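So the structure is just underneath, and the comments pick up after that.
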Amino acid sequence: MAMAPFPPPPLLASHAAVRAAASRVAASRRIRVAGEDCHHHPPQVAALRRGDWVKLICGASFEDAADVRNLSLVYTLAGVDCIDCAADASVVSAVNEGIDVAASIVPEVQRPWVMVSVNDDCRDLHFRKAEFDPEDCPPDCSKPCDKVCPADAISLKRVMVGGEHAQSDPICDKLEGGVIMERCYGCGRCLSVCPYDRIRAMPYVRDPATTAELLKRSDVDAIEIHTTGKGIDMFNTLWNSLGESINNVKLVAVSLPNAGASTIDFMNAIYTIMQSNLEGYNLWQLDGRPMSGDIGRGATRETVSFAVDLTSVPDSSLGFYQLAGGTNLYTVDCLKKAGLFKARTLPGTRTTEKVGSQEALIGGIAYGGYARKIVGRVLRKIPSELGRVCIEDHPGYLLEALQEALSLVGPVKGYSALET
């Protein structure tokens with residue numbers, strides 16, 4: 001019998017509580033899928049068909065391996081179906097390490113699919129980094145960029161030109177630090193608040209050859225392609241560059257901006273391209289308001305409105321739909337008000353628009369910035385004097401983080417009433 005990749009942590013009182021909560025999640029999942037035909041669909045696809053799929057978005061440009069690892073651990077215990085991360089080998093390994101530790105704590109936990117995110121166009125907002133030279137900043141700057149950054153990706157401190165900490169004379173001071181590149185995920189909030197217009201956005205495109213190699217890994221299950229909706233040629237070029245490596249994954253997701261009336265035509269064109277060598281399932285991520293879920297209630301309305309528009313178009317079903325961009329704790333309620341939460345028929349109709357199908361119109365929800373925010377608050381409480389923080393070494397904080405994750409995942413999965 002193969003040994004677990006990581007030994008289980010000591011069975012402390014708080015670890016027992018974590019195991020109890022996560023075990024109830026796993027038991028709830030088993031009850032929910034009882035009677036379903038799981039021989040034809042993996043459990044992740046069964047979740048899409050039911051409408052209770054949940055994906056954690058670590059961030060297409062977020063490359064802080066330590067945080068990614070801990071986020072993956074917590075949300076695996078909370079029962080997500082997929083974890084989406086940057087197409088970087090070290091980040092993928094961090095995701096899988098977190099999943100493995102979660103499985104060592106609760107062996108019956110379902111292993112989520114691991115998805116890597118790439119782009120076909122450097123204009124996609126998810127693929128950029130902020131950049132500035134702190135020596136160009138006035139030493140008495142109030143540093144609004146630091147205050148507004150949701151990823152704690154900016155670090156600035158005043159020092160004397162001679163190297164000692166500044167006391168009172170700003171003429172002899174300067175700022176040191178700048179953007180922590182592995183933490184910046186391109187939200188762009190710092191760009192507009194800089195009073196001196198010194199911050200630049202540096203876009204980039206993920207290398208298709210590197211991505212193709214990642215897709216050959218046994219611990220990568222899916223790929224998400226972000227497209228700006230500004231043309232088919234770039235998508236076609238990327239798709240052809242990935243070649244047969246696409247056949248190694250179980251799911252291909254395409255992240256779409258809301259392009260209004262032309263969205264369906266664009267989807268049809270992409271679907272035609274993908275059908276040339278797509279062997280797995282396909283999913284459309286409706287990116288209503290990118291990287292804004294941590295802002296508040298209003299952020300989720302655009303993605304729900306996007307979903308309403310697409311599902312109301314006859315014969316628009318080209319795969320599963322999943323919400324993203326602005327998703328947070330208000331998204332489920334907004335979907336319910338629109339009549340689309342786990343719905344198999346359009347509001348006001350008696351028969352499904354997906355003829356011959358028993359699939360939910362909306363397969364599920366992906367949570368990014370908000371999911372990272374609520375667990376990140378816990379991670380920042382953990383003392384870090386000894387270097388890299390492993391959240392399972394702090395069972396009290398692990399339990400608190402799991403409770404936060406369950407508050408988000410639970411309402412979608414249907415186990416929000418579980419006590420932790």
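The chain as shown is numbered from 1 upward.
Cβ coordinates are placed from backbone N, Cα and C, and glycine is handled just like the others.
Note that the structure is predicted; figures quoted are calculated from it, not measured.
The annotation domain '4Fe-4S ferredoxin-type' is assigned in TrEMBL to 128-159 (among others). Residues 61-62, 122, 165-166, 170, 173-181, 183-191, 193-196, 198-204, 294, 369, 372-373, 376, 380 of the same chain lie 6 or more positions beyond the ends of the domain '4Fe-4S ferredoxin-type' (128-159) yet place their CB under 8 Å from a CB of it.
Counting same-chain residues at least six beyond the ends of the domain '4Fe-4S ferredoxin-type' (175-204), those with a Cβ under 8 angstroms from any Cβ of the stretch are 59-65, 67, 122-139, 141-142, 144-145, 148-159, 291, 369. Taken from TrEMBL, the feature domain '4Fe-4S ferredoxin-type' applies to 175-204 (among others).
Confidence across the domain '4Fe-4S ferredoxin-type' (175-204), taken as the mean pLDDT and rounded to a whole number, stands at 95.
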